[in-house]
Amino acid sequence: RFIAKPCAINLGIQDSGPHRAQPNAILEKVFTSITKSPDGKRLEGLSKQLDWDVRKIQRWFRHRRNQDKPTTLTKFCESMWRFTFYLSIFFYGVRFLWTAPWFWDTRQCWYNYPFQPLTSRLYYYYILELAFYWSLMFSQFTDIKRKDFLIMFVHHLATIGLITFSYMNNMVRVGTLVLCLHDASDFLLEAAKLANYAKYQRLCDAFFMLFGVVFIVTRLGIYPFWILNTTLFESWELIGPYPSWWLFNGLLVTLQVLHIIWSYLIIRTAYKALMRGKVSKDDRSDVESSSEEEDVTSNSTKGVFSTSSNGSNRVNGHVASGQWTEE
């Protein structure tokens, strides 16, 4: 309210929502009481009742759905909050772990286990991360429902389970490594979103590409060969098959499966953008197109210029607003 909003206004982001649908009592009643996406049969009935073209009714429902979406200013403020948290907690974690012996030698995570001291810095690091992921868990049900809702729900459950489980079993050393590793790429994605909302498209593209590289390196490289190696093999060697070994590693492997899925989506999005010059729609996008051009089916629209989801033009080879970083 006091930091992000003034920054957004200074960047020229207006607090204006999508195009509002034309007031219509009949369509509004159908929208609120029956369905937000009427099928062909219902569209035909409404067309006869209102003497409207079916295309016009479809357009009305699309505008009405988009009308409930948050404004760009709202999304900018949310992303700035998340960017601030991810960046701060990442640098706090790096500074804390830089002097920790287990950061350089993962076998130190299991020496003298479970009789390892819990320092105040380690305690607050854990509590902050746990509180943040609980907030994401709750807000997910009030935010816009996205295509990867189930994946994110599983991710939050696994993360909260891992943080709680590792804290209760005093596996906080390896837990800090997992947390810091995951924070390494998250703030880059939020930075890309901020640049996207502010219409600094080249900066947005650069941040997204950097995010993709860091994400794949950390989640598909460092995580399995550094984290999973110590939890699966080094722990078994040093302290033996403790009772909760299967649950702990099961949650960590679940995260790895999610990493593979997200990496595939990131690579596919980047491939479409770089090789074809345009992305029809981001796999996780929540915003429906509100442009009139969507109703035109002529092949002549497939040229050097194409229209993005917010109606602005973009040049072939350069991704426009909403394509890289729409969650």
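Placement of Cβ uses the backbone N, Cα and C atoms for every residue, glycine included.
These features come from TrEMBL:
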{"type": "DOMAIN", "residues": "27-71", "note": "domain 'Homeobox'"}
{"type": "DNA_BIND", "residues": "29-72", "note": "DNA-binding region"}
{"type": "DOMAIN", "residues": "74-275", "note": "domain 'TLC'"}
{"type": "TRANSMEM", "residues": "83-103", "note": "transmembrane segment"}
{"type": "TRANSMEM", "residues": "123-142", "note": "transmembrane segment"}
{"type": "TRANSMEM", "residues": "207-226", "note": "transmembrane segment"}
{"type": "TRANSMEM", "residues": "246-267", "note": "transmembrane segment"}
{"type": "REGION", "residues": "282-327", "note": "region 'Disordered'"}
{"type": "COMPBIAS", "residues": "301-315", "note": "compositional bias 'Polar residues'"}
Confidence summary (mean pLDDT) of the domain 'Homeobox' (27-71)
80
Under the DSSP assignment, what numbers of helix, strand and coil residues are found in the domain 'Homeobox' (27-71)?
32 helix, 0 strand, 13 coil
